[in-house]
Amino acid sequence: MIQTGLIQNAHSDLVTDASYDFYGLRLATCSLDQRIKIWRLDEANGTWSVEDDWKAHDAPVSKLSWAHPEFGSILASSSFDRTVKVWEQISPMGQPESQQNSINGTGSSQAQSSTGTTNSRWVERAVLTDARGTIRAAEFAPHQFGLKLATIATDNQLRIYECLEQPSLTTWQLSEELDVLALPNSISPSAHSRNHTVALATPTQTSATYDGAASASLVAQALQQGLQPPIPTSLRPGHGSREADGGWCISWCKDRYWGEIVATGCGINGIIKIIQLSPSRRPTSILTLDPTPTPQASSSEGTSTATPTQGDAVELPTPYAITSVAWAPSCGRSYHLIATGGRDGRVRIWRVTPADEPEHDDDDEGKWTATIVGDFDEHKTAVGRVEWNITGTILSSAGNDGRIRLWKATSGNVWRPAGSIGVEQNEETGQAENKDIDMEG
């Protein structure tokens, strides 16, 4: 069971992003109104009250990201004004909030006043201005790699920044800058390349042998859902070559064992590239997640051996931009789960298997593989955000249909819908009821 709540009139315009801090007790929101708000949860009654509110940029704010608390109370914001700003919460004495809490012997922020605000304030520590396009996403790296920040902009450049002066947070070095579209796509597996691997868009449902008939039934249901004809492309908005039809997103690999790896998508090509970062060499694309079947794969399914003419060319599905990507925490799994949401309304879950232990220094890439283990079309319209829970066992997705949908793996590792939440539910039942949603519904 999950409990829902509602923050009324959070912003004066559309909310573009919402991000919890490490402990889940504070929520940062941003909007087209160019403002950032920090909300704090009252654990006694489950209500949220605004703690801080300020104008952050000169254009709509696109994304927010909290740094790990070991670095302090730090927030990064990206904007359509082509800047990324780093903010730090400080006490009235001018000290970072984390240092002040240590001095006071407490591990929490100062008490709120009757107006719902604190005596602390957020200070702009750095402004990153390297982008030549609107910045659509920013995300701090896992804390094991230090205080690093990845950004992606409409100039298709992935930029990695590293803080050189952590106490002051004023000096950030642009350690990597690469054109994502210029990186070579992983070629077809038929070429047997050892340098790159492509993930085939073959929907598979992994079933455990001990589940017997139950697993077979679930797999049959999943396959039957996959045989249903999709809604024609012409009926789905969001396809085109304009910037407004594109998608720019990033997500870090949460497992430190594999090093610094980031999943990123940009533009309208509808693919995700898995990029490995290394201090000793240039970044490389080790895997491409492409849900569009290749011409070779499509033609091989037929029985005809005749050479296709121009009129008989295989018509491939029109790609839609990927608007969101989320890399799940591994939590001891031998594989990774990566979720994507696109303008075609589809939520896809990829099972990514890492490379084996490399035997040679030049043989440490090219063996990553991936298959689609979940492909859902319940939103029927563009998906704006996908996000995992802390254990990587439940996926949530938000779409333009006004609903947040939940997905989880059932017996036999078959991914199925686990319920949905709509704002209208809370408005109808009233905020006081805090309606529970049945995960099995």
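Start at 1 and count along the chain as shown; that gives each residue its number.
Here the Cβ of each residue, glycine as well, is placed from N, Cα and C on the backbone.
If you look up TrEMBL, you'll see 8-49, 54-88, 322-352, 376-417 marked as repeat 'WD'. The annotation region 'Disordered' is assigned in TrEMBL to 93-121, 284-312, 418-441. The annotation compositional bias 'Low complexity' is assigned in TrEMBL to 104-120. As annotated by TrEMBL, compositional bias 'Polar residues' applies to 295-310.
According to DSSP, the secondary structure content of the repeat 'WD' (322-352) in residues is 0 helix, 19 strand, 12 coil.
When the repeat 'WD' (54-88) is classified with DSSP, helix, strand and coil residues number 3 helix, 19 strand, 13 coil. According to DSSP, the secondary structure content of the repeat 'WD' (376-417) in residues is 0 helix, 23 strand, 19 coil.
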